[in-house]
Structure formats: C-alpha cells, structure tokens
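Quick look at what Swiss-Prot lists:
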- Gly46, Pro47, Ala48, Gly49, Val50, Gly51, Lys52, Thr53: ATP binding site (BINDING)
Amino acid sequence: MIIMNGPWVEKYRPQKLDDIVGQEHIIPRLKRYVEEKSMPNLMFTGPAGVGKTTAALALAREILGEYWRQNFLELNASDARGIDTVRTSIKNFCRLKPVGAPFRIIFLDEVDNMTKDAQHALRREMEMYTKTSSFILSCNYSSKIIDPIQSRCAIFRFLPLKGHQIIKRLEYIAEKENLEYEAHALETIVYFAEGDLRKAINLLQSAASLGEKITESSIYDVVSRARPKDVRKMIKTILDGKFMEARDMLREIMVLQGISGEDMVTQIYQELSRLAMEGEVDGDRYVGLIDAIGEYDFRIREGANPRIQLEALLARFLEHA
C-alpha cells in the first residue's frame, strides 16, 4: 500500500537554487544576486511546470535569509486579477519596512492574467517602492505584459525541461517513495508531460496511488490519453489513402479509450511532428497537414462537434496522401 503524504510537487520542491532541475542558463545569474544581496525587479516567463515559482521561492530564501517569510509576499493573479489586489495587498506590504533583510520581495504569479488597468497600477507601485521592495513577476506569455512593466524588469526566459532531466527527477522521487516501476513507464510520463515537470510528478503520484508497480499501462489508466502507437498507425493509414480504415481507428480510439476531441488533435499533431522529424513525412506535406490541424483544432475549441471535425481532418489528410 502506497501512503500519500500530500502533493509530491510540494514535498519534493527544491529549496535551493542549486537543486533546481534544468535552467542552467538562469541559475548562475540568480546566484549572483544572492552574492550581492541585491536584485532588480525580475520577470520569469515560460511554460507551466518549468521552475518559475520554485526559482522565486529559492531566491527569496537565499537572498533574504532567516526572515525570508516575513519579507516575502506571494500572490496569484489568477485568483484576484483586479486593481484591488494591487492597491491593497501589494501596497500594504510594501509600506512596511524590511525585517532583518535588505529589502522585501513581492512574487506575483500568472501576472499575464492581470487586466491592463491592474498592470498599470502595478507599474505605479513598482516605481513608488523601489527603495524597499523588489518584484518577481511570473507569466507564461511575456507578450501579455505591458511595455512599461517589461522595461522595469530583468527578464528570464525559462525553457521546457528535457526528457532526461525529468526522468532523473522521477527516479529520485521513486527511490524516496520506494516505488517499483518500469523504465518505459517513466518514458511514457515524459511523453505526456511535454517538458512540464509538475505534470510529470503529478502523473507519477497518480499512478503510484493505484498501489501497484508503475507500468506503461498504469500511466495510461490515469492520463486519459491515446496510446501514441495507435495515433501513429492511424496517421500512416490515412496517408496511405485508406480513409475508411483510418476513420474506424479514430472512432475506436475516441470511444474505447475515452479521448476528448482537443486531446486527440494534440496527439495527432505530436505524432505527425515526430514522423516528420524521423523523415517519414516530407517538409511540404508536413506544412499542409499542420495548416489543416490548426484549422480543425480551432473549430473544436470553438464548440464544433469533435467527431465530425476529426473525421473531416482525416479527409484533409487524404488530400496529402
């Protein structure tokens, strides 16, 4: 019996900058701020699950020292995106003098979800309290942040983690939790995580909760996604000009494996890209197919019937057979 003790993403969150997985182009620069006991306003941008929040917390611990909790404020812009958040929580925190530290740090996560008005209010607070506080802003898309804020920050672009980096971390957690696992199961987790370590750890914990040895099958039991080999076979079948056979494969995948339309389109894109990288789909054909995938992905997300749209997508693939 596997005994769960809270979310593993928190249990195994690195506490020091040196322990952060990946981001070798960023960590040395952050460590210099620790050495200097000084830092400008920072912006961490990049996809989910790549270490932005972990880096902010580790930096705060190391640069603020013993009293880091008293001098650190964390807010999530997705929970409260209005101007009130900026004018109350941030303003009240910034007005207080640092306690046993050179300055205070405000970490605002998912700041790209703030309204433009809230961002302009934030910019004014950043200007007002430069002597006593520094900001760390985290976002997925820096393009959604107004220029006056970007110009006031040192920008760090976090990259998706590589497969071997994720596997190494999963192996570490599995050892600590005394898990039995197949090596191929971890590779399957990496496939579905797509560079997102948080997603990978959550998948590992979900599979472990089944209380058995972690196998490729147990990963599919918790992930609710199609098996890559089935999607790849369907793509090859339609590109061979066999529409009815490919359509039957599509229906079987969606019905028997319970795959949503959006997930199906995503996996078709992933497997087609892998086929192109392996040289099984030439460049010109790949361009046309990707254009079709983008069109039908949009239609499904706008509410069109997924089954009909996916069969229509196969028909478009037939044009490139």
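Even glycines carry a Cβ here, placed using N, Cα and C.
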**Asked** What same-chain residues, at least 6 away in sequence, bring their CB to under 8 Å of the CB of Lys52 (ATP binding site)?
**Response** Phe44, Thr45, Gly46, Asp109, Ser138, Phe158
**Fill in**
For Pro47 (ATP binding site), the same-chain residues 6+ apart in sequence with C-beta under 8 angstroms from its C-beta are Asn140, Phe158, Pro160, Gly195, Asp196
**Item:** In three-state DSSP terms, the structure that Gly49 (ATP binding site) belongs to
**Value:** coil
**Asked** What other residues of this chain sit with their CB within 8 A of the center of the CB atoms of Gly46, Pro47, Ala48, Gly49, Val50, Gly51, Lys52, Thr53, the recorded ATP site?
**Response** Phe44, Phe158, Asp196, Leu197, Arg198
**Prompt:** Around Val50 (ATP binding site), how many other CB atoms lie within 10 A of its CB?
**Reply:** 24
**Request:** Would you mind checking how many other C-beta atoms are within 10 angstroms of the C-beta on Thr53 (ATP binding site)?
**Result:** 21
**Fill in**
Around the Cβ of Gly51 (ATP binding site), other Cβ atoms within 10 Å, all chains included, total 23
**Asked** Who sits close to Gly49 (ATP binding site): which same-chain residues at least 6 apart have their Cβ under 8 Å from its Cβ?
**Response** Leu161, Ala193, Gly195, Asp196, Leu197, Arg198, Lys199, Ala200
